[in-house]
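Copied from TrEMBL, the annotated features are:
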- His117: heme b binding site (BINDING)
- Tyr129: ubiquinone binding site (BINDING)
- 86-102: transmembrane segment (TRANSMEM)
- 141-160: transmembrane segment (TRANSMEM)
Amino acid sequence: MDNAISYFLARVENSKDKNTKMAATAGILRLANRNLLLGPQLMTRPFVASGLAHRNRLQAAPTTQFHTSPRSLAALASSHWNAERVLVLGMLGIFPLAYFVHNPAIDYGVAAAVVLHGHWGFEQILTDYIHGPLLPRLSKLGLYTASVLAFAGLCFFNYNDVGITKAISMIWHDL
């Protein structure tokens, strides 16, 4: 490999013909790509094609740590993930309780849990699949509007009718 790179480097340096230089440069890039793709550095650490340095070998870049987002956003994402898990665990407890206990506090808790769980799920779908400069903003605005209207509708139902827990119980008894 080193002999081949040396050969191509000598051709680039000694040639006055533009086509020969281009062919030699292409040969160097082909060898560099083969070394990059087949070399063990690809699997072990970041590898940067930093030119032909130190005895005509591509040198691996020193391993460094970097963050793609500010530290506060990373902490926010982690706490959001934890909040989702706490909500799901709470829903596992509140749904059986809601079937047996008909209470306005449980009605509003179920309403908040269902709407928040749905909101976070649809928000993740929008984040993953809708891209562009304007469309994500409009879709998130629509999602927030739908979430607020859903929660307001469930609260209205809890206040002016029998409540979510009693309504579900009545439906289950009719089946």
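Cβ atoms are placed via backbone N, Cα and C, with glycine included.
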Inquiry  = Highest Cβ count within 10 Å among the binding-site residues His117, Tyr129: which residue is it?
reply    = His117
Remark   = Cα of the residue listed as 'heme b binding site' to Cα of Tyr129 (ubiquinone binding site), in Å and rounded, measures 19
Key: Tertiary contacts of the transmembrane segment (141-160), as residues 6+ beyond its ends and Cβ separation under 8 Å   = 104, 107-108, 111-112, 114-115, 118-119, 122-123, 126, 167
